[in-house]
Amino acid sequence: MAFTPSSPPSPAADASQRPSRYPGEDTTPTSRREILGWYAYGIAAEVFAVCGVGSFLPLTLEQLARERGVLKSSHLPCVGPDAPTSSLANGTAPALLRRDGADNDQCVVGLLGLEINTASFAMYTFSLAVLVQALTLISFSALADYENNRKTLLLAFGFIGSATSMLFVFVAPPVFTFGAILVIIGVTCLGSSFVVLNSFLPVLVANDPSIQGASKEADEELHTLNENGQFEPRDSFSERNPEFESQYTPGIGLGSKPSTNATSPELQLSTRISSKGVGLGYCAAVLVQILSIGLLFALSKTSLPKVSGTLPLRFVLLLVGIWWFSFTMVTRRWLRNRPGPPLSTTTTGGHTNKWRVWLRLVGFAWKSLWKTVKIAVQLREVRVFLVAWFLLSDAIATVSGTAILFARTELKMSTTLVGCLSITATLSGMTGAFLWPVVSRRFKLKSSHTIMLCIALFEIIPLYGMLAYIPLFKKWGVIGLQQPWEIFPLAIVHGIVSGGLSSYCRSFFGLLIPPGSEAAFYALYAATDKGSSVIGPAIVGMLIDATGQVRSGFFFIAILIVLPIPLVWMVNAEKGRMEGVAMAERMAKGQESETGEPGEEAEGLLARGA
């Protein structure tokens, strides 16, 4: 894929450019247009993350399989004129607005010689998708740091991912397995593109004109951002916000020298741009979610749902794909290439062995991850917290997928209501990101205590769902997620808790990292996150197959959520900080012989997506 090179900088711009660190580096000052191009991709892809992966893709997969499935006991079709439930609505109720299949029988579909529940099919698909995504993230992380690969990979992932969403409009029930393949490709492209997108951030910040101006004033007061987004001197910022000293500084790899000024202008600007990008992405997701609900409601008034219950859902995914593609085009136009260092290729017979170099970089990425693992297991506090994070991130991913399918198959909620449920959780997540720092300051909670409080509130979700097994509540027909309205308060809890956990776990882990190894350890943090999310959905899928009910997954989820609490309580942050400093000193003594390795910068890329 070829891209038109950006226009050469003007002489005026040359005056403010920093020196190049390697041949071919683009040190053109970052423009507002380029920042908007960076924002544009977040606006593009976050819509697929929230509206696609978080809402309509699980429903579409389940409904596609259901329209090809049969009832386990009678082998009658789950959907259609021969289905046992078709007479309940005299053939007039669209499949979009109700759950098909008998209440006490499960709908199964044949796959690879096995009969699996249609809800399990969706869970297994996402479990496999996350596994492929994790392998891709680690393997491709090293490639994007070189030459024009950064922008090439970003656009490739964006265009391929948006195409998978748009192609769903052609996925009919007879080829429902093709939908699973599209989900795997789409989820992989989504996660990989966000990692590459975040790798642009340190480059944009380093070339920002205000950063260049601030860097010339050495030995002066620390600069901070004013309300107009420019830097101005400010005293004792670290005293106002000491936790910034432990935040991740982009671009630092394993064995690099730690930053002497963690509250530097670069970090402040990076935080500001990143936060705004996340906010714009979520706002775009909510907007498209509202548009999708309107589209679903309008299509429910037509004959399309009678043809296939998935047609309206597939039109929504078409809308999501078009949105992703359109804003990726904006990014293609406005975001500069910002090439990395050239690959040191060798030639054989006049041909450049670039593929051999790429394979070497892939191997280096895995080698770097393994090297970090060996260091991490020597740090007791890091080791314990990573186990806790492994369980916790798996629980978060499992609850999200299970809740959507539970609302659709157990509570018989319409797709429109499920969309409203997703909006509720998204808005609550945005609220939680701002709420938990206030709660933590108000009650003077340590980071570990805030995390444990979030986990305790998170446990409410599966425990409440299990109340329906109590005969008294089951007889009442309410309490224990037996009525659709009951899931909305839990969606608020889920959103608020998730917003707190994502930010506090990351910052708490930053306290334990050996100084100078931030990027490598956050790469391990990201790999732990993605790798763990394979297990939970697969186990819940097996429970659904065994029992025929999505509700049975609440037992596993309840155990999974509570397990990290004692582990987080066991982590001593101060001891972990001292262990990290001691490890950094030991690493520094043996680092000199390892400097200059070609992939030194590559370790940081995966971390930027954490």
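Quick reminder: no glycine exception, Cβ is built from N, Cα and C everywhere.
What Swiss-Prot annotates here:
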{"type": "REGION", "residues": "1-29", "note": "region 'Disordered'"}
{"type": "COMPBIAS", "residues": "1-11", "note": "compositional bias 'Pro residues'"}
{"type": "TRANSMEM", "residues": "35-55", "note": "transmembrane segment"}
{"type": "CARBOHYD", "residues": "Asn90", "note": "N-linked glycosylation site"}
{"type": "TRANSMEM", "residues": "120-140", "note": "transmembrane segment"}
{"type": "TRANSMEM", "residues": "152-171", "note": "transmembrane segment"}
{"type": "TRANSMEM", "residues": "189-209", "note": "transmembrane segment"}
{"type": "REGION", "residues": "229-265", "note": "region 'Disordered'"}
{"type": "COMPBIAS", "residues": "232-243", "note": "compositional bias 'Basic and acidic residues'"}
{"type": "CARBOHYD", "residues": "Asn261", "note": "N-linked glycosylation site"}
{"type": "TRANSMEM", "residues": "278-298", "note": "transmembrane segment"}
{"type": "TRANSMEM", "residues": "310-330", "note": "transmembrane segment"}
{"type": "TRANSMEM", "residues": "384-404", "note": "transmembrane segment"}
{"type": "TRANSMEM", "residues": "418-438", "note": "transmembrane segment"}
{"type": "TRANSMEM", "residues": "453-473", "note": "transmembrane segment"}
{"type": "TRANSMEM", "residues": "488-510", "note": "transmembrane segment"}
{"type": "TRANSMEM", "residues": "522-544", "note": "transmembrane segment"}
{"type": "TRANSMEM", "residues": "553-573", "note": "transmembrane segment"}
{"type": "REGION", "residues": "588-610", "note": "region 'Disordered'"}
{"type": "COMPBIAS", "residues": "594-603", "note": "compositional bias 'Acidic residues'"}
Outside the transmembrane segment (553-573), six or more residues from its ends: residues with CB under 8 Å to it: 381, 384-385, 387-389, 391-392, 394-395, 398-399, 402, 406, 446-448, 451-452, 455-456, 458-459, 461-463, 465-466, 508, 511-512, 536, 539-540, 543-544
Result, the transmembrane segment (35-55) in contact with the transmembrane segment (278-298) (3+ CB pairs under 8 Å): yes
Per Cβ pairs under 8 Å, the stretch of 35-55, 120-140, 488-510, 522-544 packing most closely against the transmembrane segment (310-330): 35-55
Of 120-140, 152-171, 453-473, 488-510, whichever stretch has the most CB pairs under 8 A to the transmembrane segment (418-438): 488-510
Dominant neighbour of the transmembrane segment (453-473) in 35-55, 120-140, 384-404, 488-510, by Cβ pairs under 8 Å: 488-510
Same-chain residues near the transmembrane segment (120-140), Cβ under 8 Å, at least 6 residues beyond its ends: 53, 58, 61-62, 65, 109, 111, 153, 176, 180, 183-184, 186-188, 190-192, 195, 362, 365-366, 369, 397, 401-402, 405, 523, 526-527, 530-531, 533-538, 540-542, 544-545, 606, 609
